[in-house]
Amino acid sequence: MTERTLVLVKPDGVKRGLVGEVISRIERKGLSLAAMDLRTVERSVAEEHYAEHKDKPFFGELVDFITSGPLVAMTVEGPRAISAFRQLAGGTDPVEKATPGTLRGDYALEVQFNLVHGSDSPESAERELKLWFGSL
Ligand code: RTP
Ligand code: MG
């Protein structure tokens, strides 16, 4: 089933020049881009995006980081795109969970600076694509 998912190359990935690497892996997997935009987001967007984490101790730092500079937001589509991109990204902790061969496993060291975001379910994808692109 064709799906759409929200992918972010977070500010650390943009600063480090890894946007092309992320896109390359998305394309090599067989997924495709349906929309893409470089932007710096307001705190309100970041807070809404990460609303599920609002009571976590790292919420403030997370919002500070996501709003710290330009990021690349993309709509990525293809068969099982949501799970497929989560597989490419690897686990949240780039050392303890993400394995080599994944984006986080290959390019990140710290949980906060873990390079990419991908929607984690069809419900999240719908909510996030509306927030970031105004539609699914
Ligand atoms: P994301 O939402 O960014 O795609 O990452 P995820 O699903 O793999 O992880 P999630 O549990 O949704 O956490 C969201 C982001 O919060 C940061 N985080 N920091 N300091 C910490 O313990 C901690 N835990 C999570 C990470 O940047 C994570 O991607
Ligand atoms: Mg998440």
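Each residue's number is its place along the chain shown, starting with 1.
Note that Cβ sites are derived from N, Cα and C of the backbone, with glycine treated the same way.
Curation does not apply to TrEMBL; its annotations are automatic.
As given in TrEMBL:
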ACT_SITE  H117  active site, pros-phosphohistidine intermediate
BINDING   K10, F58, R86, T92, R104, N114  ATP binding site
DOMAIN    2-136  domain 'Nucleoside diphosphate kinase-like'
**Three-state secondary structure, K10 (ATP binding site) (per DSSP)** = coil
**Message:** With helix taken as DSSP H, G or I, strand as E or B and everything else coil, how many residues of the domain 'Nucleoside diphosphate kinase-like' (2-136) land in each class?
**Reply:** 60 helix, 30 strand, 45 coil
**Asked** What's the CA to CA span in angstrom from R104 (ATP binding site) over to H117 (active site, pros-phosphohistidine intermediate)?
**Response** 10
**Complete:** Candidates K10, R86, R104 (binding-site residues) with CB under 6 Å from ligand 1, in sequence order, are none
**Request:** Under 8 Å Cβ to Cβ from H117 (active site, pros-phosphohistidine intermediate), same chain, six or more residues apart: give me those in sequence order, or none if nothing qualifies.
**Result:** L6, V7, L8, K10, A89
**For ATP: widest Cα to Cα gap among K10, F58, R86, T92, R104, N114 in Å** = 21
**Fill in**
Here the binding-site residues are T92, N114; the one whose Cβ sees the most other Cβ atoms within 10 Å is N114
**Complete:** Cβ density check for R104 (ATP binding site), other Cβ within 10 Å (all protein chains) comes to 23
**K10, F58, R86 as binding-site residues, winner by CB count within 10 A** = K10
